[in-house]
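Undergrad: The structure's right below; bear with me while I get my questions together.
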Amino acid sequence: MRLLSAAALAFTVTLPMTTHADEALDELLEARHGFYQMLAMNMGTLAGMAKGETPYDEATASRAAANIEALTHYDLPSLFVEGTASGQIKDSAAKPEIWTNMDDFKTKFGGLVEAAAGASEAVKGGQDKVGPVVGKLGGACKACHDVYREKS
Amino acid sequence: MPKGAPSPDPVREVRLWDPFLRGFHWALAFFVTASWCLGQFGPAKMTLHFWCGYVVIGLLLFRLVWGFVGPAPARFSHFLRGPGAVAGYLRGLMLREPSYWPGHNPLGALSVIAMLAVLAAQVSSGLISDPDDYINVGPLASYVSSSTRSKAVGWHEFGANIILILVLLHVAVILFYRFWKREDLVRPMLNGRKQVRDR
């Protein structure tokens, strides 16, 4: 009986706590996905122009590139908190290797920061200016996805 | 040359592999190797890898057609045999003598089919892959769901490992025939001529 009440107590004490911690991680994951969603929307704008699927518009291109530049000034790796790897939390595509190679993961993100630097100016002046920028940014996406993104 | 007791039929040299089949084989070897290396070590923008893949699709289609209308040794009906034939061939596999087999032997036929099937699966997953990097996307990716596009990248990576294993096995078996069974399987694939025994 004592055991039972102890268990009940432990349950009632820990239950809200774990739920709280889970919620925090869920919010973190949501923020992360939001970050990539914004990155994707702006990348999509540039990629569409680079491929000629959408007509080139200097202001639109420059704004999309500026958004990407701005996004890369956010400290993305800080959103990769322990407990948010794939398998640990629903919908995460982050490979556990990120946490065992955090320095390299940060270097990979640094690659994106570098690729994005000056992009808002680089895409000005014509449709042919967009391709090389998308190539550089896409290369940075790929370098990280190849190693740290779950394919599912 | 087999020595001793009964040697039923004499060994003779025949034109076994037709020029188209040989061309197919070496082109496939080249373009599969090229695609594999480009995929693994190539530039981030995978245009060349894509083109190699398209060539492989063409080659696979040729082989499929050739398997029905080509010369006898190239036909699926000629070399696809049942488990009994495979078991029978396996019994003589370790003998230190050439097989003198006139074509794909029953066991090798399974390897042929495995390689063609895996390559077909590999080009299919490649066509619908989207690694989400905005520079590479399979030309048919937009026809499947976004989760399939993403999963296809994983299948494509897995397929690359299977292909590596099958190719290494293929080369290892050729070396086994060359040095254990003392039968050269490379030359027939170059000049088409092979020592065979009718059966």
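Every residue, even glycine, has its Cβ placed from backbone N, Cα and C.
The domain 'Cytochrome b561 bacterial/Ni-hydrogenase' annotation in TrEMBL covers B:17-192. Taken from TrEMBL, the feature transmembrane segment covers B:20-38, B:50-69, B:107-128, B:158-180.
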Undergrad: Checking distant contacts: for the transmembrane segment (B:107-128), what same-chain residues at least six beyond its ends satisfy Cβ-Cβ under 8 A?
TA: 28, 32, 50, 53, 56-57, 60, 63-64, 79-81, 86, 89-90, 93, 101, 138-141, 143-144, 148-149, 152, 155-156, 159-160, 162-163, 166-167, 169-170, 173
Undergrad: Which value does the mean pLDDT take for the domain 'Cytochrome b561 bacterial/Ni-hydrogenase' (B:17-192) in this predicted structure?
TA: 96
